[in-house]
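In what follows, a single structure is set out as structure tokens and then discussed.
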Amino acid sequence: MANTRAISSGAKPVMVLKVGGALLQCEMGMARLMEAAAKIIANGQPIIMVHGGGCLVDEQLKANGMTTKKLDGLRVTPQEQIPVIVGALAGTSNKTLQAAAIKAGVTSLGMSLADAGMMSAKVKDPQLGLVGEVEPKDASYLEFVLSKGWMPIVSSIAISEQGEMLNVNADQAATALAKLVSGSLVLLSDVSGVLDGKGQLISSLNRAQVNELTKIGVIEKGMKVKVEAALDVAESMGQAVQIASWRHAQQLIALSRGETVGTQIQPQIQ
């Protein structure tokens with residue numbers, strides 16, 4: 001039985017903030033994001049930051065003479081690539097974000113999905129190799145960290161009960177963490193939200209609309225994974241999930257005040 005609970009400061013739920021994409025290669029973008037995070041935390045809303053680091057993983061794999069393959073938007077992870085992927089995500093990407101947090105005056109703690117029994121993990125699909133699927137398990141470690149006013153920075157690396165290191169899609173990792181702490185989920189990407197066939201921002205979507213846009217190829221690949229993760233949380237927790245851009249970090253402050261930014265993924269209305 002998962003030990004999940006609502007962790008909040010006052011009336012504000014934890015903001016589970018997923019970052020990744022090109023952000024990790026943009027010092028100014030990271031600086032602005034951490035400045036916004038510092039203000040949100042100072043205003044009484046805790047943040048858990050979850051990250052991927054696909055661009056860095058691709059670079060490191062190429063440097064080691066390895067190729068990247070994706071299946072339906074998810075990275076195929078053969079055993080021989082695990083040391084490179086774990087090093088890029090749990091190592092370099094995690095500490096790059098932590099360095100930006102420290103520079104912005106945010107006290108943070110670098111961790112992975114494997115820490116303190118917060119998640120259970122298993123292989124998602126043998127076709128994907130060592131790609132993990134995680135379920136919320138125990139929130140007590142995160143509860144302690146947040147009670148100190150610290151910001152967890154969580155890499156999307158998990159470990160199974162068999163001791164296998166697993167690469168978890170960061171959007172799916174953020175989904176599990178939002179469920180674990182009953183938090184509000186914000187998925188940041190390189191674009192401003194979900195765009196229609198003409199490149200215009202769609203302000204709100206539910207499952208039926210997502211299915212239609214997926215069928216005609218407007219939502220595909222990485223955005224498809226992101227939207228499906230958002231729908232999972234929206235429907236299981238009965239609350240909207242935001243998909244927005246890290247390029248407009250100040251919008252997060254507006255979001256913490258209850259305003260809408262990017263695309264809202266809505267629970268299906270019965």
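Note: Cβ is positioned from N, Cα and C throughout, glycine not excepted.
Straight from Swiss-Prot, the features:
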| type | residues | note |
| --- | --- | --- |
| BINDING | Gly53, Gly54, Arg75, Asn167 | substrate binding site |
| SITE | Lys18 | site 'Transition state stabilizer' |
| SITE | Lys226 | site 'Transition state stabilizer' |
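For Asn167 (substrate binding site), the same-chain residues that are 6 or more apart in sequence and have a Cβ closer than 8 Å to its Cβ are Arg75, Thr77, Ile82, Ile85, Val86, Leu89, Leu130, Val131, Gly132, Ser156, Ile157. Distance noted between the C-alpha atoms of Gly53 (substrate binding site) and Lys18 (site 'Transition state stabilizer') is 11 Å. Compute the center of the Cβ atoms of Gly53, Gly54, Arg75, Asn167, which mark the site for substrate; besides them, the chain residues with Cβ within 8 Å of that center are Gly52, Val57, Ile85, Ala88, Leu89, Ser156, Asn169, Ala170. By a simple count of nearby Cβ atoms, those within 10 Å, the most crowded of the binding-site residues Gly53, Gly54 is Gly53. Between the recorded positions Lys18, Arg75, Lys226, the minimum number of other C-beta atoms within 10 Å of a residue's C-beta occurs at Arg75. Gly54 (substrate binding site) sits 14 Å from Lys226 (site 'Transition state stabilizer'), taking the CA atoms of both as reference points. Take Gly53, Gly54, Arg75, Asn167, the residues named in the record as contacts for substrate: the widest Cα to Cα gap among them comes to 12 Å. Of the recorded residues, Lys18 (site 'Transition state stabilizer') and Lys226 (site 'Transition state stabilizer') place their C-alpha atoms 10 Å from one another. According to DSSP, Arg75 (substrate binding site) sits within a strand segment. According to DSSP, Asn167 (substrate binding site) is assigned to a strand segment.
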